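So that you can see what the record holds, here are the features copied from TrEMBL:
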type	residues	note
COILED	115-186	coiled coil
DOMAIN	221-506	domain 'Aminoacyl-transfer RNA synthetases class-II family profile'
BINDING	THR313, ARG344, GLU367, ASN479	L-serine binding site
BINDING	ARG344, THR345, GLU346, VAL360, HIS361, GLN362, PHE363, GLU431, ILE432, SER433, SER434	ATP binding site
SITE	THR481	site 'Important for serine binding'
Amino acid sequence: MGLHSYFGGTTIQTLKMAAVPAYSRFIFRPISRTLVALDSLPRHSPRPPFPILVRALSTAAAVQTTAPSTESMGTATVAKPQWKAAIDFKWIRDNREAVAENIRKRNSKASLELVLELYEKMLAVQKEVEKLRGERNAVANKMKGKLEPSERQKFIEAGKNLKEALTSLEEDLVKLSDELQQEAQSIPNMTHPDVPIGGEDSSAVRKMVGSPREFSFPMKDHLQLGKELDLFDFDAAAEVSGSKFYYLKNEAVLLEMALVNWTLSQVMQKGFTPLITPEIVRSSIVEKCGFQPRGDNTQVYSIEGSDQCLIGTAEIPVGGIHMDSILAESVLPLKYAAFSHCFRTEAGAAGLATRGLYRVHQFSKVEMFVLCRPEESDAYHEELIRIEEDFFSSLGLHYKTLDMASEDLGAPAYRKFDVEAWMPGLGRYGEISSASNCTDYQSRRLGIRYRPAEFAASTNPKKGGKSNLAPTKFVHTLNATACAIPRMIICILENNQQEDGSVIIPEPLRPFMGGMELILPKHTG
């Protein structure tokens with residue numbers, strides 16, 4: 001059990017890992033609220049600087065609990081999903097070959113055969129339930145007429161037997177549906193046809209910018225530079241918080257602030273709305289975005305005794321802004337740039353580059369997030385990676401852009417581009433950003449739809465003359481790292497170090513650091 005400390009009557013909750021069901025997949029259609037969209041804005045009307053949210057008005061939300069429950073089904077125990085979605089099982093069955101091939105390409109552990117087997121069982125039970133309901137209704141209708149007492153008693157007994165049988169079958173149907181949902185949640189998003197097949201080593205280089213710097217003096221890594229320039233304190237942070245935490249000091253603080261403000265100023269010029277997000281969210285939102293909030297190797301900190309987690313990326317709270325909503329097509333695309341602190345357990349990171357700022361439990365980041373029409377998502381994916389590349393080129397970094405291979409995509413991504421910058425201290429490239437097109441994987445589970453502007457012109461006088469609105473569609477979502485602060489600080493310090501121990505501040509950041517051009521060594525004694 002976690003310990004609770006009390007300061008002035010305030011309870012401080014501890015963080016603890018626990019197992020819950022795995023996350024859901026792209027073919028889910030969330031059971032959303034009864035949604036009302038304000039589609040009154042014309043397609044080309046001026047947009048407000050902060051687009052209006054069209055929220056659901058009904059309380060018939062997707063089923064959600066604070067903790068997973070279990071139900072016994074025969075000898076097996078079925079985990080009851082934390083939240084439910086309307087999964088398109090018919091689509092899975094009709095496209096079983098494509099789904100099976102996609103599972104193979106991604107080296108996924110999903111069991112398509114089990115999903116299809118459970119689906120057929122559910123259909124059979126559903127058919128039997130409908131049959132019994134029909135028989136029950138027939139008996140009820142017969143009892144409405146004038147009957148002899150003996151005949152009425154026969155119908156009463158028949159109705160009682162049908163009710164008992166129906167209750168039992170309906171319970172089986174619910175349990176089958178829960179088990180089917182749990183198994184189907186392991187199916188990943190489909191994959192872009194141009195994605196390289198295989199593991200990380202199969203990823204393809206899309207672009208290479210610059211070349212590694214050659215030093216005419218002994219090169220120092222960011223840890224040594226940080227010590228000599230008095231920029232970090234890892235020792236004190238380890239005492240206060242534990243390993244993989246840090247204090248930033250002096251010019252490092254100004255550098256973080258400069259990176260954040262410069263990045264936001266750049267993306268706002270490209271039409272992004274700035275956000276500062278909540279950093280604690282419900283576990284269900286984490287799952288719906290495609291992350292696993294609990295488990296042996298989770299990267300998510302969960303709050304014990306609650307259904308909440310610390311965010312590992314602003315993608316999660318930004319994804320939830322429009323949850324269970326229907327947006328007017330005229331407000332699309334929605335482009336957000338969100339600043340937040342991020343928290344990651346870094347479970348399973350042993351043996352990787354873990355020294356200094358490269359892999360830490362808490363860091364600041366600016367994340368870009370786009371919601372758009374399906375036919376536009378590939379183009380916005382290209383726009384996002386161009387923005388990232390322009391940023392890194394402006395800072396004078398040597399980097400390469402990769403089209404990540406199928407086994408390295410993660411469940412939500414249809415396609416993912418990574419940017420890796422040269423880090424002299426590591427003697428290799430290190431990831432500094434990524435850009436993912438998640439198509440409708442997240443929006444189907446978060447319940448984010450839009451109503452196309454076109455609608456049928458005909459009216460039906462018998463129905464009050466109302467226009468026939470076009471059916472809603474799911475938006476596509478994309479996310480991309482604009483600036484992950486610690487690794488950018490690594491790149492700047494190591495690549496811009498000078499023989500006298502100073503570090504040159506990249507020119508675009510100088511206006512955001514009071515005109516400072518150099519970080520100079522601190523001479524003591």
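Glycine is no exception: its Cβ is also placed from the backbone N, Cα and C atoms.
Sequence features, as recorded in TrEMBL, placed on the structure.
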residue: THR313; record: L-serine binding site; Cβ contacts under 8 Å, 6 or more apart: SER340, CYS342, LYS365, GLU367, ASN479
residue: ARG344; record: L-serine binding site; Cβ contacts under 8 Å, 6 or more apart: GLN299, VAL300, TYR301, GLY312, HIS361
residue: GLU346; record: ATP binding site; Cβ contacts under 8 Å, 6 or more apart: LYS244, GLN299, THR354, ARG359, VAL360, HIS361
residue: PHE363; record: ATP binding site; Cβ contacts under 8 Å, 6 or more apart: HIS341, CYS342, LEU357, ALA484, ILE485, PRO486
residue: ILE432; record: ATP binding site; Cβ contacts under 8 Å, 6 or more apart: PHE392, LEU397, TYR399, VAL419, GLU420, ALA421, THR481, ALA484, ARG487, MET488, CYS491
residue: SER434; record: ATP binding site; Cβ contacts under 8 Å, 6 or more apart: MET404, LYS416, PHE417, ASP418, VAL419, ALA480, THR481
Packing count at THR481 (site 'Important for serine binding') (other Cβ atoms within 10 Å of its Cβ):
25
Relative to the Cβ position of ASN479 (L-serine binding site), how many further Cβ atoms are located within 10 Å?
27
Average the per-residue pLDDT over the domain 'Aminoacyl-transfer RNA synthetases class-II family profile' (221-506) and send me the rounded value.
92
Pairwise C-alpha maximum, in angstrom, for the residues (ARG344, THR345, GLU346, VAL360, HIS361, GLN362, PHE363, GLU431, ILE432, SER433, SER434) that bind ATP according to the record:
19
Would you mind checking how many other C-beta atoms are within 10 angstroms of the C-beta on GLU367 (L-serine binding site)?
26
Neighbour tally for HIS361 (ATP binding site), based on other Cβ positions within 10 Å of its Cβ:
18
